[in-house]
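**Q** This is the structure, below, for whatever I ask next.
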Amino acid sequence: MTERLAADAAGIAHAAELLRAGELVAFATETVYGLGADATNASAVAAIYEAKGRPRFNPLISHFPDADAAFRHAAADARAREAAQAFWPGPLTLVLPRRDESDIAALATAGLSSVAVRVPGHGIARALLAATGRPVAAPSANRSGRLSPTRPAHVIAGLEGRIAAILESGACEVGLESAIVDLTGATPVLLRPGGISRETLEAVLGPVSIASEMGAAVKAPGMLASHYAPVLPMRLGATAPEDGEAWLGFGIEPPTLPPVSRNLSPAGDLVEAAARLFDSLHELDAAAELAGLQRIAVARVPERGLGAAINDRLARAAAPRS
Ligand code: TXA
Ligand code: MG
């Protein structure tokens, strides 16, 4: 059963408590309803993907009550501060370098060194975020492949019984997801058009290029910034490690293991495996290089449930690159 919470003080306090306990709570923003989870809790973030039935681990947007809170996790330069001043709270998401001290789970950023942050222009949402006191990861609150929800009924139709609660606060004003601007490079890049037009952004940020106009080459696997890949090559669907390989297991281990090995979930639990995926890859990659190993062998992960998203991400990480 999904709890229906009224957007009053008691409802907001209860929703914040659920989020802090690792549960999923849908809430309205000015753009669309978001499916929120504590972004610092890898299992809670994995539960988002499971509830949505999302076949891929895209990096998620972390939501904050104000710019100061956001910039404790994302490093803001002068441009970022100007954009925040001009457009926050509002339908703008900034992609910025992630701060070393940020405790946002690697699954929420898909293992990237950047992080997407946003301060929504919706009073109830900001009250919830302030009460939660942690970054809240939130994609749109719909099943994968369905339309983004702008009313509580849309959320309930897709996610009833799959999430702990919905904080009900009417229809969303904008109805279109936030504009996403990448400020990690020299020139701002519009990664996703959205609630603020390019012209309006350019009035504050100067020239903004558009990701889709940057040429087909950028779309090649491994080149997109959002495809984290280990330094070492990978061998997927392995039954046992060979000489010179580190091992990333799932479920029961083969009889002999190399000195550098991890297991995504000894119990064969796909939610646990998802929660550990990016941390395990980062750790293995670093340790394997140090140990002079040449490759990472990865056990077969079943395609059911979150296994599809895990396998999608492993395939991208293993794709040939220059
Ligand atoms: O309006 C919105 O932005 C809504 C509401 C709920 O806030 N949220 C939303 O989240 O649309 P989502 O998960 O559907 O959009 C996340 C997108 C990813 O698909 C990716 O394109 C981009 O944000 N993104 C997130 N982190 C990124 C990063 N570090 N680098 C590049 N792109 C990133
Ligand atoms: Mg969406």
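Yeah, the Cβs are placed from backbone N, Cα and C, and that goes for glycine too.
Look at TrEMBL and you will find 9-196 tagged as domain 'YrdC-like'. The L-threonine binding site annotation in TrEMBL covers T31, A138, S178. Taken from TrEMBL, the feature ATP binding site applies to R54, N58, H63, R118, S140, S148, R192, Y228.
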**Q** Just checking: which of the binding-site residues T31, R54, N58, R118, A138, S140 have a C-beta under 6 Å from ligand 2?
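**A** Checked binding-site residues vs ligand 2; flagged S140.
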**Q** I need the least crowded one of these binding-site residues (N58, S148), counting other C-beta atoms within 10 angstroms of each C-beta.
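**A** The binding-site residues N58, S148 were compared, and N58 has the fewest Cβ atoms within 10 Å.
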**Q** Within 10 Å of H63 (ATP binding site) by C-alpha distance: pick out those among the binding-site residues T31, A138, S178, and say none if nothing qualifies.
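**A** Within 10 Å of H63 (ATP binding site): A138.
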**Q** Which residues, in sequence order, are found in the same chain with Cβ within 8 Å of the centroid defined by the Cβ atoms of T31, A138, S178 at the L-threonine site, excluding those residues themselves?
**A** T29, E30, V32, G34, I61, H63, P91, T93, R118, P120, S140, E177
**Q** Using a 10 Å cut-off, grab the number of neighbouring Cβ atoms around the Cβ of R192 (ATP binding site), all chains included.
**A** 15
**Q** What is the Cβ neighbour count of S178 (L-threonine binding site) at a 10 Å cut-off, with all protein chains included?
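**A** There are 27 of them.
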**Q** Whole number in angstrom, please: the longest C-alpha to C-alpha distance across T31, A138, S178 for L-threonine.
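**A** Greatest Cα-Cα span of the listed binding residues: 12 Å.
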**Q** Which residues of the same chain, at least 6 positions away in sequence, have a Cβ lying under 8 Å from the Cβ of T31 (L-threonine binding site)?
**A** P91, P120, C172, V174, G175, L176, E177, S178, G194, G195
**Q** Take the Cβ of H63 (ATP binding site) and count every other Cβ within 10 Å, whichever protein chain it belongs to.
**A** 28
**Q** Just jot down the residues in the same chain as A138 (L-threonine binding site), at least 6 apart in sequence, with C-beta under 8 A of its C-beta; none if empty.
**A** F27, T29, G34, L35, G36, A37, L60, I61, H63
**Q** Would you pick out, from the binding-site residues R54, R118, the residue whose Cβ has the largest number of other Cβ atoms within 10 Å?
**A** R118
**Q** Name, in the order they occur in the sequence, the residues of the same chain whose CB lies under 8 A from the CB of S140 (ATP binding site) and which sit 6 or more residues away.
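**A** In sequence order, V32, Y33, G34, L35, S148, P149, E177 meet the Cβ cut-off.
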**Q** For the domain 'YrdC-like' (9-196), would you mind checking the mean pLDDT of the predicted model?
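**A** Here the mean pLDDT over the domain 'YrdC-like' (9-196) amounts to 95.
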